[in-house]
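K.L.:
Below, the features straight out of Swiss-Prot:
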- I111, G112, I238, G239: K(+) 2 binding site (BINDING)
- 237-242: region 'Selectivity filter 2' (REGION)
- 1-19: topological domain 'Cytoplasmic' (TOPO_DOM)
- 146-193: topological domain 'Cytoplasmic' (TOPO_DOM)
- 284-405: topological domain 'Cytoplasmic' (TOPO_DOM)
- 20-40: transmembrane segment (TRANSMEM)
- 125-145: transmembrane segment (TRANSMEM)
- 194-214: transmembrane segment (TRANSMEM)
- 263-283: transmembrane segment (TRANSMEM)
Amino acid sequence: MAGRGCGCSPGHLNEDNARFLLLAGLILLYLLGGAAVFSALELAQELQAKQRWEERLANFSRGHNLSREELRGFLRHYEEATRAGIRMDSVRPRWDFTGAFYFVGTVVSTIGFGMTTPATTGGKIFLIFYGLIGCASTILFFNLFLERLITVIACVMRSCHQQQLRRRGAVTQDNMKAPEKGEADSLTGWKPSVYYVMLILCLASVAISCGASALYTTMEGWSYFDSVYFCFVAFSTIGFGDLVSSQNAQYESQGLYRFFNFFLILMGVCCIYSLFNVISILIKQTVNWILRKLDSGCFPPCQRGLLRSRRNVVMPGNIRNRCNISIETDGVMESDTDGRRLSGEMISMKDTNKVSLAILQKQLSEMANGGPHQNSASSRDDEFSGGVGAFAVMNNRLAETSGDR
């Protein structure tokens, strides 16, 4: 190694560790920047609201001949009632069956508006176990939705590309029927760009948000801007709880409204989740680009190449020079991973830092079902490039994650 030859290299830094540290630093800077912006925008409003409240409290105390301590004690009781779901206006019961169903929906989706919380010890204990299974199941559902959505989008875009090539005369009926002719065929190596997929998800999320906002403006009496704000907070599962839909005691066409409210929130969460994961691929690509620049431009010649290359779910080492991100259209996650299964033995401890959770889960499932399916074409390099969660779902659907490139 050149670094050791000149005596100035501190040693190799694993690329995954470098990526993790760089991303952690960027997120910290992002948090600091966000805190500065929100403090500049909201602090003055908070101080003004606090001053107005103190003035109203003093005026009310003088007008009704009440001590400030007595009045504050009464207001604390009101705060406790508010936390228990009691409101001055008429609202729907929080813990009837429909209210409880709305609550468990916010639990398993991780939205957690906070307008309803369990008050009993039994309810809090049950929530811990219920949320453990429910949240994990919902995340699995979101990943499966993401997998199928991307497959559908890619197939539709591939079909459109076929029609475009057919109009140009680049694809004939003969080579459409003979995909085995190899990479020379105009369709074989084509994949839709991830930027188009992100645009489609963006448009779908905006369309759902606009439609839902129109509904909430009509039914809840919110301004359209507040409705759009609620949609983003709910669909992204941030769930502040300052605005919550379907909380009034009565609505016009109440059953229909509650159904559409549930359906729109479900579809919005699925689309925003998918959009976030596609954006995260681009963020990771940007982090990889920064790492390459740091490795090639910021180190002296004797220390260049300190980052130990390692294949990963977004940018494997052997395709590091590719910059066009695109999505595969062939196959799904199950079929993609059939050729990358380990033999029946358990994984040695020295390799546990390389094995993705997705592959480990598949191995355990195979062993529980009597052993894995053998495939002579499997290779050890591909076993560790599956990724985790949504990254595993999109493995081999992006050019940067293709195991054969």
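Placed from the backbone N, Cα and C atoms, the Cβ positions cover glycine too.
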K.L.:
By DSSP, how many residues in the region 'Selectivity filter 2' (237-242) are helix, how many strand, and how many coil?
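P.N.:
Helix, strand and coil residues of the region 'Selectivity filter 2' (237-242) number 0 helix, 0 strand, 6 coil.
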K.L.:
Starting from the Cβ centroid of I111, G112, I238, G239, the recorded K(+) 2 site, name every other residue in that chain with its Cβ within 8 Å, sequence order please.
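P.N.:
For the K(+) 2 site, the extra neighbours are T106, S109, T110, F113, G114, V233, A234, T237, F240, G241.
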K.L.:
Near G112 (K(+) 2 binding site), which residues of its own chain have a C-beta under 8 A away, given they sit six or more steps off in sequence?
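P.N.:
Listed in sequence order: T106, T237, G239, G241.
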K.L.:
Out of I111, I238, give me whichever of these binding-site residues has the highest number of other Cβ atoms within 10 Å.
P.N.:
I111
K.L.:
Let me know how many other Cβ atoms fall within 10 Å of the Cβ of G239 (K(+) 2 binding site).
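P.N.:
Total other Cβ atoms inside 10 Å, all chains included: 18.
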